[in-house]
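Novice: Pasting in a structure now, in C-alpha cells, and then I'll have a few things to ask.
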Amino acid sequence: GLFVTDYFTRTPRKLSPFRSFASIELFHFHIPEDTVIAVWNLITFKEQGGTFGDQCPDRSITVYFRSGAPSVINPLHTHFPRDTAVPGSFALTLTWTLPNRTTGVFNVTSPLPGDWFLAAHLPKDEGKISVKGLYEECQYLFQPQLIVQRLVNIAVLYPGHVTEQSMAPHNRSCLYKVFVPSYTSRVLVEVLRCRGAEGCPLWLRVRAKAPPLHNSTTLDCWEHTPCQLAQDLPFWQHWYYVLVEKHPGVPGTISFQVTVQLTDCSRPSLARPPFLPSSASMNMPHSFGSAGGLALGDSPPPTSPNDTKHPIPIPVTSHAGERCWPVRPTLRNELDTFSVHFYIFFGPNVSVPPDRPAVFVINLLPVLDSGGVLNLELRLNVSSLCGENVTVFGCLNHEVPLTSGDNTSVTCETESLAGFLLSVNATASLSRLRIPYPQTGSWYLSLRSLCATEHGFEPCTNVTAEVYLRAYLSPCINDCGIYGQCKLLRTNNYLYAACECKAGWNGWGCTDNAEAFSYGFQLLSTLLLCLSNVMFVPPVAIAVRSHYLLEAAVYIFTMFFSTFYHACDQPGIVVFCIMEYDVLQFCDFLGSLMSVWVTVIAMARLQPICPTVPQVLYLLGAMLLSMALQMDRHGLWNLLGPSLFALGIMAVAWTARTIRRRHCYPPTWKRWAFYLCPGALIAAAAVLLYTFVETEENYFYIHSIWHLLIAGSVGFLLPPRAKPSRRLGPLPRRKGCGYQLCVNEQEELGLVDPAVASINSICTS
C-alpha cells in the first residue's frame, strides 16, 4: 500500500519532582486513523543558568503512555479511594547516555487512533526549600516528538458484498476494513474460493479500531473449512480491520474472495443487506478510504442513529437468536467544568424487571470529559424486593452494551471486552464506582436482577427490583477531602483536574493517611510558628525604652502579621485566617524586610547629620520594598538588596565618623563584644538556617527558630538611646582661610540634644 508519514512535536517543558498528579507534565497527541506504526522520540536535556547543565546530577525520568485519556499513575504506591477503578497504562524510564542529553524511543505498532496522552515527571525529592535566585537551579527539559506512518486507500468491505483479490508472489498480505454501525450484534468474516495452492495457506486476522497484530483474533484457513471468523458484540461506530496473510514459503499467486456479514440486532438472525439506503449501516466517518471496487460517491449521505428519539435496541449474546432490549438515554446537564450530571428520563428510580435487563447509555464528549472522574452510584430500594433474596447486578462497558444470554452469569467481561461490575442486595444496598480519567464515547450500563439459591443465581419470578441510579462527572474524587485541594490544570488547550494533598496525606483522592500528620502534631506546629513571634516583644520594649518609636511600630506590625500569616498558612485543619491569605503573606514579607531596613538605618545614627534623612529613608524603603514584593515575593534580592543597601549606608556613616574622630566607631569595646558581634552572629545563623537547612519536613521548627533568632538579633543590634548632656568637652580645632572651625564632639556622637546646647559652628580667629 501507499504510506504517508506525519510528524508532530511539542515545546520543551521543565519537569518537576513528583508529589501528586498536579506536578507532572502532560502532553496531548492525536494519532490519525489507519496508522500502522507510531514512534515517539523522547528528548531530554539539562540546563543550568542558560547553558548546558553538564554538572547537574543524573535523575531518571518516567514517561507514561495511554490512549483515550491521561494515565492514572501511582509512582509512590499509595492507596486509592474505595470503589475506584484504575485503568492501566504503559510506562518507560529514561536513563542518561550523555552528560547533558539523552533520548528514548517508544514504538507502538498499529496504535489505536484518536487521543494519546504522555505524562512525565522526575523522582520525588527530599523537599528542600531553596531561596529563589541563590544559585543556578538545574532544569530538566523534556520534549516528545511523534512520527506516524499510516496507510492510505485501504480497501473497504461492504456487508454482503464479495470482494475478489489476487495476492502476487511478492505480496504477503492484504488489508481491508469494514465499518460496524450501531446495533450490530455480530461480525462474520469469511474467505471463499481460495485458489492457487494446495488447500488455503492463509491466515485471517480481525481487529477493531486498528490494523491487526500478531496477537489479534486469528484463524488459520488451512485447518478450518469454511474459513469463517466471527466477532460477537463488536464495538459500535468503529472500523474493523481484516488482514489476510499468506503462509511463509508459499510460491505463486493466490486468489480468493472476502465477504463480511453483519448481524443486525433489531432484526435477529438476519444479516444486513449489502446496500442500505439512509440507515445506520452507512453511518461512516469521513475518512472511510476507497471502496475496494465500489464507488462510495453514489452512496447516500451518512446519518446518525443517535439523532432518533426512539429506544435503541441492544444485542444479547445468544447464538440461537439475538434479542434486543431498549436502551434508555440520559440527559446531560453541564453545571461547570468537569461538573456534569446525567439525568434519566422518568428517573432517578428505575425498575429492573426479572425477565430482561434495563440498559442506559452515558455519552462522554471527546477530549472535554476525559480529564475528570466518572462517578456511578446504585442504591437498592429494599422494600421493593417483597422479602425475596434478590441481587441486582450492573455491568458498565465502553462502546458496546454487554448483556449475557446466560442468566446465571455475573461477569462483565469477554475475551475482547472489559467492563466493571456493580452489585446491590438487601445486605449491601449501596454500591459506588469511580473511574478517574475515563475514556470518552458511549458508556453502557446494564442492570439485571437475579435471585440467590442453593445452586447459585437463578432468574427471579414476579419480583421487580427498584434501584436509585445516579451518574455524574466531577473534577476530583470527593473534592479531594479536607486534606486536599482540587486543582484545574491546563496543558495547551486540554483541561484536566487533579488533587494536591497536604498535611502528609497522599493518594489520588488524598485518602492515604500512612504519613499523615496527627491533630496534635498539626496543633503543635501551628503554635510553634505563631508563638515564636512573641520573641519580638523584647525588641519592641527596647525600642520604646530607647525612644525608637517608629522602629517599635514596625516590629509590632511584623509580629502581628507573621503570627496570623502562619496561622493561616498551615496545611492541615488547624487553620485560622483573619483576612485573605495573599494579604497576610504580603504584610508578613513586608514587615520582615522593613524590620531589617529600619534596624540597620537606626544603627547608622543619621539623626545628628540631618534629622530628616532617617524619615526619608524609612518612607523610601517602604515604597521600594512594596514594589519589589509585588514583582517577586520569593526572590533572593528582595531580602538581600535592601539589606546590602542599608548596610552600605551604615558603613559610610560609621566610616565618616571614624575618619573624623580618628578612632574606631562605635568607640567602646563593650559595644562590640556584648552587642554588635553577638547580634551579627545570631542574624548570620538565622540566615544560614533559612537558606540551607530548611525543608518541608522540618519547616515548622526550623522556621520557628528563624523567628527567635531574627527577633533576638534585633534586640542586640538596636543602638542605645542618645543621652543628652549640658557639659561641653574640648573642641578639636583646625584652621583654614583665616577662620577657626568649631565642632562639637558630643553632638557628633548623638549624645546632645541640639535644643539644650547652643553652639556656634564658626568662630572668628
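Keep in mind that glycine also has a Cβ here, set from the backbone N, Cα and C atoms.
Caution: TrEMBL annotation is automatic and unverified by curators.
Here's the feature list from TrEMBL:
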DOMAIN    499-510  domain 'EGF-like'
TRANSMEM  516-536  transmembrane segment
TRANSMEM  548-567  transmembrane segment
TRANSMEM  583-604  transmembrane segment
TRANSMEM  616-633  transmembrane segment
TRANSMEM  639-660  transmembrane segment
TRANSMEM  672-693  transmembrane segment
TRANSMEM  699-718  transmembrane segment
Novice: For the transmembrane segment (548-567), I need the partner stretch with the highest count of C-beta pairs below 8 angstroms, choosing only from 516-536, 583-604, 616-633, 639-660, 672-693.
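Specialist: Answer, by Cβ pair count: 583-604.
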Novice: How about the transmembrane segment (516-536) and the transmembrane segment (639-660): do they have 3 or more C-beta pairs under 8 A, pairs 6 or more apart in sequence?
Specialist: no
Novice: So what's the mean pLDDT when you look at the domain 'EGF-like' (499-510)?
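Specialist: The predicted confidence over the domain 'EGF-like' (499-510), as a mean pLDDT, is 92.
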Novice: Which listed range (639-660, 672-693, 699-718) shows the maximal number of Cβ pairs under 8 Å with respect to the transmembrane segment (616-633)?
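Specialist: Selected stretch: 639-660, with the most Cβ pairs under 8 Å.
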Novice: Per DSSP, what is the helix/strand/coil residue tally across the domain 'EGF-like' (499-510)?
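Specialist: So the domain 'EGF-like' (499-510) is made up of 0 helix, 4 strand, 8 coil.
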